[in-house]
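Trainee: The following block contains the structure, expressed as structure tokens.
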């Protein structure tokens, strides 16, 4: 029985009937149009006839390329009759057709039917049974179907015929295609190499991973990563690529889970270098997850790793941005202990941490260290140091840093001036603050904001310059600067110091018309100024219009007692108790001192009356 493979004019396969000595050959006299695509054995030569027996097993998956299309590998071993049937059944997956023909040729006679290019060569058996007849049920269907399925899957996976079998050359091709952002082509070569038992080098694999991840092919990249991990062909760069991609696509928790799985394995943990830790810290820094960054820092230390400049820069900047100034200071201190020189970004961040914690001396030392290392501090760092020194009352140092800031080419802004004004106020140098304000209010200097106005109103309040305070308040409203309740409080406070109750009331009424709600500080200041200005009715009216407040009643009662309005003070005390408010110790003492000095019975009656 002879079977013909149509559309395959260069191949005829012969099988001896003796299964113990199977022979597999092609026609020696055939005019091969595609000699490379028909057979390629490990010797690299194509011969006319090859014998296969039990002592000479050939792995077809490493040695055979067939049929003139993309390379088709067989994962079985050719050593018996069933394997040869599977080999012939490959034709079912091409489209090549298998037909029945009559037998009549011997083992050694491959008959050439003609000289045309469409010659047909035959597959014959010494027995009368057909190798494959129309009754496909005679074959081992389970084995052939699984074989065909695996063959089809290989073709669908993009596995192709490799003429070049040099691992170094193929690795360079993968590297070049990956750099050219052609991940599919590079992936095809990678799969074909691994299918052929060839191993791409580490550089090519990492480049392929990077190309796949750039094109959003995370699932495929993870498969290649797992393959590399199984082959122990990974480095810290490999882990960094995968962890960053997982974090971007699936979130920080997924990346943390993968990282925990990696460090749980002793073999993998040894390959995780400081670059991988830095990658994890940067992932959490991007998400402002300072707690997870601190956790990675702890794992790094426990595993005996030593942080680099990049490590501490990420930690310090992340902690400062998230408001964890103490942690930032700890990381910076550890960096200095390890003998590392911080960069400009790290030093700018730690200056902010020191100033927020009130450690102006440490911030000033870091600023000086930047100058010694020929690093230029930015304006924000200078402002932070000026503000911190100003809060500590270090006026001289504040102005020295201000001069340094100008020498570095930084123009002072509103924050700078406000810090200097606050420094003068904290040093009780209010007149100098007013002089500085007059100098900076020049339109060519800086645009004044509400913070500068409030700071200078504080100076007016302390000096009792009610007219100056009122003038600044009108300027704020004319400049359309939002005037806050705190601004009105400072003006009323200046009127209180200057004993100008009527002006204070006018400012209060103006405040109400502008729809600003007075707070307790407004009412207390207004109450005191009305009492000391003998505006009793206005003081009582303020109590009626405001919400019940014990502090306000205590201030009114004490003021009444001190100005001799004993009866009015007692009346307000009774009203206070009726409203359920508690007097303070000073108010009780004044009431007891002003009780009628009569008999003990009358004193007890008055105590019960006023409910002490």
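Note: Cβ is positioned from N, Cα and C throughout, glycine not excepted.
Pulled the feature table from TrEMBL, pasting it below:
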- 201-235: repeat 'PPR' (REPEAT)
- 308-342: repeat 'PPR' (REPEAT)
- 343-377: repeat 'PPR' (REPEAT)
- 378-412: repeat 'PPR' (REPEAT)
- 413-447: repeat 'PPR' (REPEAT)
- 449-483: repeat 'PPR' (REPEAT)
- 484-518: repeat 'PPR' (REPEAT)
- 549-583: repeat 'PPR' (REPEAT)
Trainee: Below 8 angstroms Cβ to Cβ, which residues of this chain, lying six or more residues outside the repeat 'PPR' (343-377), approach it?
Mentor: 309, 312-313, 316-317, 319-321, 325-326, 328-329, 332, 335, 384-385, 387-389, 391-392, 394, 397, 401, 408
Trainee: Mean pLDDT for the repeat 'PPR' (449-483), as a whole number?
Mentor: 92
Trainee: Which sequence-distant residues neighbour the repeat 'PPR' (484-518)? Criterion: at least 6 residues beyond either end, Cβ under 8 Å.
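Mentor: Residues packing against the repeat 'PPR' (484-518) from afar: 450, 453-454, 457-458, 460-466, 468-470, 473, 476, 525-526, 528-530, 532-533, 535, 538, 546.
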Trainee: Which residues, given as numbers and ranges, are at least 6 beyond the ends of the repeat 'PPR' (413-447) yet have a Cβ under 8 Å from it?
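Mentor: Contacts of the repeat 'PPR' (413-447) (Cβ under 8 Å, skipping residues fewer than 6 from its ends): 379, 382-383, 386-387, 389-395, 398-399, 402, 405, 455-456, 458-460, 462-463, 465, 468.
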Trainee: Six or more residues beyond either end and a Cβ under 8 Å away: which residues meet both conditions relative to the repeat 'PPR' (201-235)?
Mentor: 167-168, 171-172, 174-175, 177-179, 181-183, 186-187, 190, 194, 241-242, 245-246, 249, 267-268, 271, 273
Trainee: Please count the residues of the repeat 'PPR' (413-447) that DSSP assigns to helix (H, G, I), strand (E, B) and coil.
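Mentor: Per-class counts: 24 helix, 0 strand, 11 coil.
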